[in-house]
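According to TrEMBL, the protein carries these features:
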COMPBIAS  33-54  compositional bias 'Basic and acidic residues'
COMPBIAS  65-74  compositional bias 'Basic and acidic residues'
REGION    33-87  region 'Disordered'
TRANSMEM  176-197  transmembrane segment
TRANSMEM  217-244  transmembrane segment
TRANSMEM  256-278  transmembrane segment
TRANSMEM  284-303  transmembrane segment
TRANSMEM  370-393  transmembrane segment
TRANSMEM  413-439  transmembrane segment
TRANSMEM  474-494  transmembrane segment
TRANSMEM  500-521  transmembrane segment
TRANSMEM  528-544  transmembrane segment
TRANSMEM  576-596  transmembrane segment
Amino acid sequence: MSAGAVMQGEADKLSRADKDQLVRLLYSEDQRKTDIPRLGEDSRGALEAEREGDQNSPAGLEDLGDNRLEDGRSSKLAPSRPSSPLHQQLALQRLQVEELKLQLQRDKLHFEAKQLAIWEQQWQHAQEERVQREKEHQHEPTMEKMLQLHPDAGATWVGGGYINGMSEIVYLPTRGLAWVLAPVGYVLAFIIGGLFFVKPMRSKSYVTMMDPLQETYGNTMGTLLFLPTLIGDVFWFAAILSALGATMSVILDIRGYLAIIISACTVILYTLLGGLYAVAYTDVIQLVFMMVSLWTCVPFALLNSATESIYYTAVNEFYQVPWIGKLETEYLGRWLDELLYVALGSIPWQIYFQRVLAASSSRQARLTSYFAGFGCVIMVIPSVLIGAVAASTDWNQTSYGLPTPNERGESSMILPIVLQYLCPTYVSVAGLGAIAAAVMSSADSALLSASSMLAHNIYRKILRKKATEKEVVCIMRVSMVVFGAAAAGLAFLSNSVYDLWFLSGELVYALLFPQLCCVLFIPNTNTYGSAAGFLFGFLLRLLAGEPSLKIPPVIHYPGCSLVDGVYIQLFPFKTFTMLLTLGTIVAVSYLVAFLFKRNILPHGWDVCSVIKESEASVPLPEIDEQAGLQINIVYINPIEIHT
């Protein structure tokens, strides 16, 4: 292809005025060899003639006429009125600029071809390694096999702490049905998760919830962010053990600590031996068994002679205040705080994302999320009815006697107490099986959640990057035993199943949810902002106090009051802490980036390499812009080519 044809192709990209001028510069290969030197000589002659004041133009000078291209070939220059030598010099420089553009295009295509070749080699090498690993470990349990999705993720959330805790909260005279926020919160959580979190988490093929955090903030910060979710899983597992232990101690008449130990050993052994695959295959069976058993117990409890009609006691005070509860104006802030806490704090959990990420498609993941939310509402109905029955019972007419469970401080065991004293023996045993099934359906997921993140995000990514799948699975099994023992010890120290269940997400909501939102939805947040938000949020939450853990508040928010020797925060401080953490992450991230980019802070202080990493890689569009900028400079400020 001739240079004229190439220049004609490039002319299509120029404006009309530039096209007209470029047409005049198109020559054949032979003519350019003779015309360009002659134009240079004529330009120098014209300059000398102008200096001498001669009005006659130099011989042989040709103007750039209005000739156009015909049949894809360049036409000859027609003689015309002589033009300025400076104009011809600029025309020659324009020709040089066009040649420079073509050279840049060729260099870019060459670079892209080399890059594609490198990527193809890397992809082929990765495929060969994957096939080899599959052949070597096809019979071994792997991380992916341990995180299989089950069609109903609701079985994971409806655990022993959930069904026991909801009965407890309905029965308590100071709470009632108005404070049963978990079902509504779960519906909102799963809808929000399906709408906004499924797609960005699945688009990059993450294995655990911690992967995007480590990818954005680094392994060290990822390890720090692992602590809230680890504490949350341990608290949640402790609530599960406490629920099962309370049920066994009431129905089987054994000591509470012994019941917790037996429960912990059963769950850990169950998860170690069969939980790797049972998480995927047995949750539905456990869920169905739990629902059938609890619904079997409900009619016997409702029809017991010691129980008043729950329709009457819902709005009338009989044995205690109405079980439907009452929301006073001064408690509205706390009520909204707890609702938002359940709705948003239930999203950043590995037990949720291990189901979502293992789904066969994004559509299935969303449907699983939506159905799980409504399933949680349906499955809480028996627990609510049992709590209402307990609030409507004259305990003096039962073998339990007086004082009432609330006066004895046994509100956390109200569900097994109702099964034991208001139902026949064979029915109460079925109820125990229901609670055990609920425990099994969520206990294995809780252990698997914490152990999988420890093995994958801490051990494999930080401690031992070349660990084999067999080694990772071994670490998971060891961590299951350790976490199970820690949860059992925590269950010994708590008197309320609901408090344990509620506390399981405190740090997750205040610290981890803002971090996950920043990673997925707010660009350019960095490690400095993440660390500042984590420390600031943790400090705020700690200073607000926690009555369940006997931590007195240092910060007294508006409405804080002392009730029976315990400080009660009526201000929505949990959501306030979460929002401040989110704002701190964004503000510090952008502030630090601004200070480094403006050289207000020396780049040597950038220990997290946030600015250096962003400057190291320049995408191709930016290269094109830089090249275009250089061309414009040459065009605006022409230099003398012929000396």
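Glycine is no exception: its Cβ is also placed from the backbone N, Cα and C atoms.
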What residues in the same chain, six or more past the boundaries of the transmembrane segment (413-439), come closer than 8 Å to it by Cβ-Cβ distance?
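Here the qualifying positions are 158-160, 162-164, 167-168, 171, 240-241, 243-244, 246-252, 263, 267, 286-287, 289-294, 296-297, 300-301, 304, 306-307, 383, 386-387, 389-390, 393, 395, 398-400, 405.
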So what's near the transmembrane segment (500-521) in sequence-distant terms, Cβ-Cβ under 8 Å and 6+ beyond its ends?
161-162, 165, 196-197, 200-201, 209, 212-213, 215-217, 225, 227-229, 231-233, 235-236, 238-239, 242, 341-342, 344-349, 490-491, 494, 529-530, 533-534, 537-538, 540-541, 546, 548-549, 574, 577-579, 581-582, 585-586, 589
Using a Cβ distance cut-off of under 8 Å, indicate which of 176-197, 217-244, 284-303, 528-544, 576-596 has the most pairs with the transmembrane segment (370-393).
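It is 176-197 that shares the most Cβ pairs under 8 Å with the transmembrane segment (370-393).
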Residues sitting near the transmembrane segment (176-197): Cβ under 8 Å, six or more positions beyond its termini, same chain?
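Non-local partners: 153, 157, 162, 165-166, 169-170, 314, 321-327, 335, 338-339, 341-347, 352, 356, 365-367, 369-370, 372-374, 376-377, 380, 384, 388, 516, 520-521.
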